[in-house]
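The transmembrane segment feature in TrEMBL is assigned to A:6-27, A:67-85, A:133-154, A:175-193, A:259-276, A:283-301, A:373-400, A:421-442, A:499-520, A:541-565.
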Amino acid sequence: MNTEIIGVVFMYLATIALAIPLGKYIAKVFKGEKTWLNLMAPLERFIFKFSGIDAHREMNWKQHLKALLTINVIWLFYAFFSLLFQGHLPLNPDNNPNQTPDLAFNTALSFLTNTNLQDYSGESGATYFTQHFVFMFLHFVSAATGLAAMMVVFKAMKEKTTEKLGNFWEFFLKSITRILLPISIVVAVILAFNGTPTSYKGKDTVIGLQGDTVHVSRGPAAAMIAIKQVGTNGGGWFGTNSAHPFENPNYLTNMVENISIILIPIALVFALGFYLNKKKLSWVIFGVMTIGFLIMLIPSITVEVGGNPAIAHMGISQPGGSMEGKEVRFGPAASAYWGITTTVTSNGSVNAMHDSMMPISGLAQMFDMMINAFYGGVGVGFLNFYIFIIIAVFISGLMVGRTPEFMGRKIEAREMKIASLIALLHPFIILVGTSLASYVLIHFPNINWGTKPSAWLNNPGFHGFTEMLYQYASSAANNGSGYAGLTANNIFWNVSTGLVIFVGRFLPIIGPVAIAGILASKKAVPESAGTLKTDTATFGIMIFAVIFIIAALSFFPALTLGPIAEHFSIK
Amino acid sequence: MKTYLLPSFKITIILIVILAGLYPLLIAGIGKFTPGHGDGETVTYKGRVVGYANIGQKFTKDNYFWSRPSAANYQADAGAGSNKGPLNPDYLKDVSARIDTFLKHNPDVTRAEVPAELVTASGSGLDPDLSPAAAKVQVPRIAKTRNIPAAELYKIISDNTERPVLGLFGPPTVNVLKMNVALDELKK
């Protein structure tokens, strides 16, 4: 094995080794047990006192959602207006302009929802103020929102018949003070010592060795990059994200950042087991997710390391594999690994340009986002998986002729309706968006918009179609990575993906919380010989089949028109 | 909703202060103790700053190690990849033209020896590195134009080579700007 493959294997094993104790720790935090970060308690008490919040008041699921949605609305307006007037606000050493209304709409929604699709470049489209006071702030609170929603579901699974499901503010704030902020500080310090800028100085101008004048964008980036990875946000300081040599200076930082991408998502799977005291269930879920992850990962690494056959035909050597859009310091294996980890987790940061990757990689990345539950985003990944569990329980129940039960609660028509709607919503918004864009592109290529549809795509043929499909898959999955060749900063794309992002975030939070809340209030059915065991390998296979069938049936036709057709046109 | 509105406002304000104000200031403070003092690490030649160690520069003259092609022309305030698909015919024409240019400037190199990274653009458009192999393939050209023995060039490459992390993880790399500064520092 060469050092690139060893690097990838090590990254994954190191993540697991950290995720298990972290999961145990997270469970402790939310059970209210003592941990060494209890030193944050005075700060938390101060924040609650200042905000006039009684963190001990138990809420039912509807109250949780009201609190969650109220504060998200406030953030949306705050972000939108800050971006709209960023040119006039302080901390703008490079004199960057205001964002246009459609761009501000897209960007505000995108960061609010943990998506971080970026139709601007940080060097010219944002200011130090908006990078920190809007983006980085939202990095923390959007991840904490996901964690708080997930905790409602955890709590609902744990308690006996109850309406009381903990306090939203407590879940929310502890996610920040005890999980996200401490890990981010560690990651930011590692980045700073490896060359990521931390100071507030603006652009520098230097004359290079060959005599060219170069303007070098800088800024206090390390703090933001840390939480962008830890919170599965993905929106970076610089336009090219973690491919930028300031944002990700060397292989060590690449390992740290990439571990941060999937650390909390994996830890949460184990946290569930520690929290419910059902470790076997955790391992079943982890097993399903890991198998799905590996099915995507291995082909992607293989094709990227193998190189581009079209370039091989030119008779040159590709010892480093396919290198278009990739950085020498990471190489193709670590770039492919990042591409899969960032799409399974709804992170969406990139260390190589996905648009230039091989079609099989694009297929795998899009499939990750279409499923959006193999590890998944911080908090919300589990919520998506929960929907699949509910469906799997229901179908299994039908197959064996028993009333479907999960965690001792009967799953009935109302819960199933919500679960089905949420499961179908995701393909619906992706495919409707892509069809609409394709329709406009074909029928109105030269319509007189700021950007004519005929100028949207950066590549012809199947690959061009993939650029559009990828954009909606990324928006709906709240991922935020892109086939960056797409000219997305115009009204059509800013508005349409903005809406997809919005729907794709909040309904999949509301749905699972509602199901869990309804189930928790039902009478518990005692476990009997006829109860379907959910912590077995058989049930794991069942969940996997449900996920695979829903995703494959929904998306296979669209994928055929994009990456699959492109793959088969390789000569 | 009303019962949640005021607490939402207040907790938002205080979290903005802590997360967007204090947290990055803490990191900026720690950053003062890093090699570049948080401003980015620079490279100097004859007392003049000639660039940032991490930010690649355009090198196209025959007497320097070339850096990789860049879709952003190495503009470090607007980095970008080409975002060309692997089978895009226009893109493949570009690659083919780059191969021809490379062969013309490096007559001692055969087509099969041209490394792909020297004819493909990086993701950031600011890739500061090459693999040691892609540096070595340029040695005959530089040795000829500068009229210095190849051995000295191989030494520059190996002096500037970054080993994999702990010798185990990731590819070895060599920083192009640092090699070229070393070239200029050689006595002629």
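Every residue, even glycine, has its Cβ placed from backbone N, Cα and C.
Sequence-distant contacts of the transmembrane segment (A:67-85) (same chain, at least 6 residues past either end, Cβ-Cβ under 8 Å): 59, 98-99, 101, 103-105, 107-109, 111-112, 126, 129-130, 133-134, 138, 141, 145, 148-149, 168-169, 506, 509. Long-range contacts of the transmembrane segment (A:259-276) within its own chain (CB-CB distance under 8 A, at least 6 residues past either end) are made by residues 11, 14-16, 18-20, 22-24, 26-28, 30-31, 147, 150, 154, 157-158, 179, 183, 187, 226, 229-232, 282-283, 285-286, 289, 338, 341-342, 344-345, 347, 349, 375-379, 381-382. The transmembrane segment (A:541-565) and the transmembrane segment (A:373-400) are in contact, since at least 3 Cβ pairs between them lie under 8 Å (pairs 6 or more apart in sequence). Only residues 6 or more beyond the boundaries of the transmembrane segment (A:283-301), in the same chain, are considered here, and those with a CB under 8 A from a CB of the stretch are 5, 8, 266, 269-270, 272-273, 332-333, 336-337, 339-340, 343-344, 357-358, 360-361, 364-365, 367-368, 371, 373-375, 385, 534-537, 539-540, 543-544, 547.
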